[in-house]
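Below you'll find the structure, written out as structure tokens, and then a few comments.
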């Protein structure tokens, strides 16, 4: 009995040591640098327009009056501001659509580097718009910044999922969500009146965008490309081995290389798959549906509505209007802490509990918030309960729904399908984002405080679907995840493993023959047979 307990203790200790060894310096630097120049900027641009909104609208009005000799009417000003805010999502959709051929041709790392051209261009346009007296420059900068975000939110999770060992794949994948939250928080901090939140300094809020972009341009070139991309798509074994050695911090990477080679032999297809081919493939049908559901719920679960209501709820609680910007920082801080906590526990608890649990908690707090907002005029302490619900909803979102959808998209698909899968995920993400921005004012106007019940229903639908469909992917290989979906996809395990397209069999065989020439003859013959 004692020997068994000792053996279990040793196994647990070995797992902990192995997990610590997986966190190499290069892996940490690559994830932090990649996220700082990518998902950080996405989060920052979500919140950066809120603080200077009054001054930007005044700039629009003054520019209009200088050009046409009269002040802009209220409806036109509202339209211009709505376009300024929402056009970011249109740019994101464009970025999500064009990312597939870019990551295929340039690779994951080079795509992140080239994407900084969009960020710097957007920063220059937006920061100089007031000086040039052109609000069109600000709007154009926003759409270009959206393209940057659309590309980075696909390329970054792809890069992180391909450079990380499976033992820490979830934690590393959460870096995307953590830096989105940090970006939102920094947008709130820099927007304070003491920093850049004034009439004369608001253009600096957009000029700051060049800093993360330049940091990424300086550091990322010294880190390797994705070893999976080098091995499976470029067929460069020596560079792939060096990349594995750099990211894993060890010399012997033969096991990792062999795992990727085995994946290639099983899949028999390294040719890039189009979106149409991906959607037609029965072997990944439920994986695609799950990605669509999780990404749709990610945007439609109501967090944007929470941001809309925050200032009003704080005001109802008796907080001075001048103090509200500082109190609002608590929402960004809670968001960041929850995302970091999720990253620390995701490899212990798994994806399912955090994702389903996050949606479940949001349902509860949305219901409580609806009751609180309805009755707060009759009970003096209810506005404080509303504040608590807002913070709880934000925390619930960030522990699971805020980051895990990006992780799952990287885990569900083989190398040749991953770019198309991220394109599908990105398209759903940005279309849902645009739909929320377009429809929420009408929902809020029609339902008032009861609008949160709509989001509670969406969270319930998402949680129910994931409870019955989503398998746990923690520490599992692609093959094991595919097996978990095989029965639902109504394909045999053998067909699930083959997972290739009839029209490509010939080219796949040729690719495999060339690819396996880098290993010994015995392995090559076995692979082709």
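Placement of Cβ uses the backbone N, Cα and C atoms for every residue, glycine included.
Within the set 266-287, 420-441, 486-507, the record from TrEMBL flags 420-441 under the feature transmembrane segment. It is 447-470, from the ranges 231-254, 447-470, that TrEMBL records as transmembrane segment. Fewer than three CB pairs closer than 8 A are found between the transmembrane segment (112-133) and the transmembrane segment (324-346), and contact between the two stretches is not assigned (pairs 6 or more residues apart).
Counting residues 6+ beyond its ends, the transmembrane segment (139-160) has Cβ neighbours under 8 Å at 30-31, 34-35, 37-39, 41-42, 45, 80, 83-85, 87-99, 102-103, 108-109, 111-112, 115-116, 118-119, 121-126, 129, 172-173, 175-176, 206, 209, 226, 406-407, 409-410, 418-419, 422-423, 425-426, 429-430 in the same chain. Looking just at the domain 'Major facilitator superfamily (MFS) profile' (31-474), the mean pLDDT is 89. Pairs of Cβ atoms less than 8 Å apart link the transmembrane segment (79-100) most often to 420-441, out of 172-190, 324-346, 353-375, 420-441. When Cβ distances are compared across the two stretches, the transmembrane segment (202-223) makes no contact with the transmembrane segment (420-441), since fewer than 3 pairs at least 6 residues apart fall below 8 angstroms.
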